Amino acid sequence: TKTISKCYVQVTGMTCASCVANIERNLRREDGIHSILVALMAGKAEVRYNPAVIHPSAIAELIRELGFGATVMENCGEGDGILELVVRGMTCASCVHKIESTLMKTNGVLYCSVALATNKAHIKYDPEIIGPRDVIQVIQDLGFATSLVKKDRSASHLDHKQEIRQWKRSFVVSLIFCIPVMGLMIYMMVMDSQLADAHARHNMSSEEMEALHSSMVLEYQLLPGLSVMNFLSFLLCVPVQMFGGWHFYIQAYKALKHKTANMDVLIVLATTIAFAYSFVILLVAMAEKAKVNPVTFFDTPPMLFVFISLGRWLEHVAKGKTSEALARLISLQATEATIVTLGPDNVLLSEEQVDVELVQRGDIVRVIPGGKFPVDGRVIEGHSMVDESLITGEAMPVTKKPGHTVIAGSINQNGSLLISATHVGADTTLSQIVKLVEEAQTSKAPIQQFADKLSGYFVPSIVAVSVVTLFAWIIIGFVDFEIVEKYFLGYNKSISAAEVIIRFAFQASITVLCIACPCSLGLA
């Protein structure tokens, strides 16, 4: 007996089925090559050869001579089939041992492990020698009920509907409360500029100025130290902080638990500090019965949340679009196949319906008119037209005769065909396309990885800068109070210098946090 080895060759430069046919036809003629199977989407050729006559490197060279790029793949374990089964009826460790030892003795099974607790069996096999149906038969012959672990074909892991909903809700809540806050802010700015004009024209004293200022509707004090403006801002800010920021808080908490700092942490920090600081300042002003209304930051959280939740919402909508395309692709796969047994002269002996995952390489599958091809294969018998538009984009149906290849997921039109399965399970063209799209979705662009790495440093550094700002102003204030007095407008002479300094320092450091938060890097 001559030994037969198997090798895999990575082939580049194939564009269509005729390239595949070209490689297969030419290599079959060579001495020492037993069989060859080429997968177009995976760009992979599986070659069985006689090592006494030819070497893998020589095989790759033969493919290169045909005008394609070819390299021998080192890790040849990729061709192994993997099977996940549910085994019912096991009672103790000896059952497990019985199944494992019987399977390991079976020709073609490479590895097998059975877990009693979960009733699951994990089996690796060589698809050339044995297939999933044979493995299941072996276990059933031992007296155990066996079934496939059902795969989730619905692509529900690619569904972004829930995230889209939650960010949309977050955005709408923030927006509803943000518009009035912005209105109040703009109104205050306009009034302030008019007052400044009046002051410039009439040369008023600052006392008269303050009197005029407090006569404005929004500056009217409901309680000493609590103006209408601040009270309204506070009322509008609370729901945003609670409902608009809910997901940010959850995400930030998770990040901190894993000792990392992401954008969510920064957003939560900025909004919480702005909110808490403003709230405390208000309470202090009310306790002091202050004449001048304190400067609060209640406008910051709603505006931040609006911008950022809008960004997140749009991002998930975009992700959902690609996922939708993937889900449609996955739904093209057939779920069942009709396997037939042929006698001499291609006489039909029997046929059975099986799960598409149980189709083995070399099986004869019958595809009726209007049916989907469950696996990639080669036509043995029958003539038909096949609609392959979903894979190739070819609008016209393609004629199929014995010897032609068919693609899983394409639709048989008018004749019944018998095909021999060449690529099954995860090796079919359709599965490979799905896999490529999934990989493209999960892999990050280099610039994106760089941005993620940066934001890892960005958050702590911003926090550090704002802390430095806080202490720097406190020190400056105690050394030279005039500077603070010059920049901290409208402070009440009745409060102590120390308090003025600390308030001003806080204001400066929160400003740093709030401005760094929706920065373009984070949003992008």
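In case you wondered, yes, glycine gets a Cβ from its N, Cα and C as well.
Remember, TrEMBL labels are computer predictions, not curated facts.
Taken straight from TrEMBL:
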| type | residues | note |
| --- | --- | --- |
| DOMAIN | 5-71 | domain 'HMA' |
| DOMAIN | 81-147 | domain 'HMA' |
| TRANSMEM | 171-190 | transmembrane segment |
| TRANSMEM | 222-244 | transmembrane segment |
| TRANSMEM | 265-287 | transmembrane segment |
| TRANSMEM | 457-479 | transmembrane segment |
| TRANSMEM | 500-523 | transmembrane segment |
Under DSSP, the domain 'HMA' (81-147) has how many residues in helix, strand and coil? 23 helix, 24 strand, 20 coil
Looking only at residues six or more beyond either end of the transmembrane segment (265-287), which have a C-beta under 8 A from one in the stretch? 223-226, 230, 233-234, 237, 241, 245, 248-249, 252, 255-256, 293-298, 300-301, 304-305, 308, 458-459, 462-463, 503, 506, 510, 513-514, 516-517, 522
Counts of helix, strand and coil residues, the domain 'HMA' (5-71), according to DSSP: 22 helix, 24 strand, 21 coil
